[in-house]
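Only one structure is covered here, and it is reproduced in the block below.
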Amino acid sequence: MGIFSIANQHIRFAVKLATAIVLALFVGFHFQLETPRWAVLTAAIVAAGPAFAAGGEPYSGAIRYRGFLRIIGTFIGCIAGLVIIIAMIRAPLLMILVCCIWAGFCTWISSLVRIENSYAWGLAGYTALIIVITIQPEPLLTPQFAVERCSEIVIGIVCAIMADLLFSPRSIKQEVDRELESLLVAQYQLMQLCIKHGDGEVVDKAWGDLVRRTTALQGMRSNLNMESSRWARANRRLKAINTLSLTLITQSCETYLIQNTRPELITDTFREFFDTPVETAQDVHKQLKRLRRVIAWTGERETPVTIYSWVAAATRYQLLKRGVISNTKINATEEEILQGEPEVKVESAERHHAMVNFWRTTLSCILGTLFWLWTGWTSGSGAMVMIAVVTSLAMRLPNPRMVAIDFIYGTLAALPLGLLYFLVIIPNTQQSMLLLCISLAVLGFFLGIEVQKRRLGSMGALASTINIIVLDNPMTFHFNQFLDSALGQIVGCVLAFTVILLVRDKSRDRTGRVLLNQFVSAAVSAMTTNVARRKENHLPALYQQLFLLMNKFPGDLPKFRLALTMIIAHQRLRDAPIPVNEDLSAFHRQMRRTADHVISARSDDKRRRYFGQLLEELEIYQEKLRIWQAPPQVTEPVHRLTGMLHKYQHALTDS
């Protein structure tokens, strides 16, 4: 496909984006808004953002959800801006500095919350800054400006949603159905690999791929939930399927690890059974029926606990899968499965990374303020806004530097493109609303195609071009003002890029160590006799941390294996029949406190000291288990966990 070619699958969204822009433009001028540009810009960003992220037309509900986040972020930013102005209107410089800190604070929060919701906080940060900068000449008009800005943004969002509904957005349901079938086959094939106990690297690749696919399925569930309320039943089932899929991965990998020390546990009966290849979900269904008969014949005691647990989870997966595909009423059996354990929310391991993002945003905004005050440039305010926009939105993404480069390319491309519209197209079409709409529709159509290709600079070019062309009411054409705005955008992006380069993010190793210590803490916390604590479902949170570890350290197999071993230890200890008495319960609390100290320690010396204390406590705990005559189902996992912690002590404590 050539660089300027247009694929058929890209046309529908390009028309959708053009329609959203035209609707926002028409409504903005029809209601005599002072700056319809904000409505047009909002419609373009809300519609194009999900398409750029997806690399094609977004699924149904994505644009709606992004629009709601933008409304929430705008309202939070407007309220914060009003509070800052009312409190500090007599000290303009202090007011701007507080706004810079507010933008950094919002970036800090956006780095800690779920990535789907981070957009609202990033927007809240720079919206307050835009309000404070814009009202500098006339501060008494602040409430009016805030109301107008909210109105224009809501109009833009409504137009984007209307365009999305008008061009029948594609549903993700069929993709979910296909993935459920394919994932079950992949789970069975992973168990086959683990029972064969072949090449470790092949097994590592297989379970790593399944972790990614399960995480992707969870993202599809979020999209399906946003799409329509009629998928509420499917959404409940998919949430339970996520835990079941992770359980299948855990049991398969434990089967592999058990054979490292006790290969005789997997009998020839099961080895021969799992030799049969499977290609489709129907093949898996037949094999599971046969496997349940084999287990009924051999007896639960003669069946390895990992295989028994795997079959139970796969059977429940199958039952819920059929319910998702048909979207029928939830029956009593399914309801029993869905009434599972409450999921545990784990504390973010990226607190240091979030603090780096705070300083990047705050310092870049302060640098923009100093540049503005020092030069006295009329478009210094525009540069400041772009600094806040780039840093607020880039920081939450995996590669902020590339996002900043995208904005630089986009603002550079917007200069000639905006010049064409400012000097030629808009002056010749402003007398006719039809011609004006057609001219902007053409811009939206072609940039909509490039956005879907994820062309570097395409998203920035779309937003920057709309921002600098004259879409005010009434239209005024001042070339100096246009040039200042265009150059201000470029300078702002360059300054933001400079700060991102200078303020290095060296938090990766610290985040990795915190993640590994959180796995240790989870394994230790599983040693409890508290009934409510044992019913807590840690599995989704643990695999979410594992997925983050895989993204932070691609290809680092020893880290992945250590994390997976800790997850397996957690699951095994969670189900272990630990003797119930006050002596062990008190010691469980002591070990949990020590594990928490390991995570929160700020220096290597403290961390090593607490980790050494944890190892000593585990030795004492093993002695206590012998005194209280704990069964092998308890003593063996604790012994394995202690051995693992001794082996990887330096990796878990040293920077």
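Just so you know, glycine gets a Cβ as well, placed from its N, Cα and C.
Note that the coordinates shown come from a computational prediction; the quantities given were computed from them, not determined experimentally.
What Swiss-Prot records for this protein:
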type: TRANSMEM; residues: 13-33; note: transmembrane segment
type: TRANSMEM; residues: 38-58; note: transmembrane segment
type: TRANSMEM; residues: 69-89; note: transmembrane segment
type: TRANSMEM; residues: 93-113; note: transmembrane segment
type: TRANSMEM; residues: 121-141; note: transmembrane segment
type: TRANSMEM; residues: 152-172; note: transmembrane segment
type: TRANSMEM; residues: 370-390; note: transmembrane segment
type: TRANSMEM; residues: 407-427; note: transmembrane segment
type: TRANSMEM; residues: 431-451; note: transmembrane segment
type: TRANSMEM; residues: 459-479; note: transmembrane segment
type: TRANSMEM; residues: 482-502; note: transmembrane segment
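Between the transmembrane segment (13-33) and the transmembrane segment (370-390), fewer than three CB pairs separated by 6 or more residues in sequence fall under 8 Å, so the two stretches do not touch. Among residues of the same chain six or more beyond the transmembrane segment (152-172), those with a C-beta under 8 A of the stretch's C-beta atoms are 12-13, 15-17, 19-20, 23-24, 27-28, 31, 33, 35-36, 38-43, 46-47, 57-61, 63-64, 67-68, 70-71, 74, 220, 223-224, 227. With respect to Cβ pairs under 8 Å, the transmembrane segment (38-58) is most closely packed against 459-479, considering the stretches 370-390, 407-427, 431-451, 459-479, 482-502.
Most Cβ pairs within less than 8 Å of the transmembrane segment (482-502), among stretches 370-390, 407-427, 431-451, belong to 370-390. Here the transmembrane segment (459-479) has Cβ contacts under 8 Å with residues 21, 25, 28-29, 32-37, 40-41, 44-45, 48-49, 52, 406-411, 413-414, 417-418, 421-423, 426-427, 430, 443-444, 447, 450-451, 485-486, 489, 493 of the same chain, all six or more residues outside its ends. Note on the transmembrane segment (431-451): residues 6, 10-11, 13-22, 25-26, 29, 40, 44, 48, 51-52, 417, 421, 425, 458-459, 461-462, 465-466 of its chain, located 6 or more positions outside it, place their CB under 8 angstroms from a CB of the stretch.
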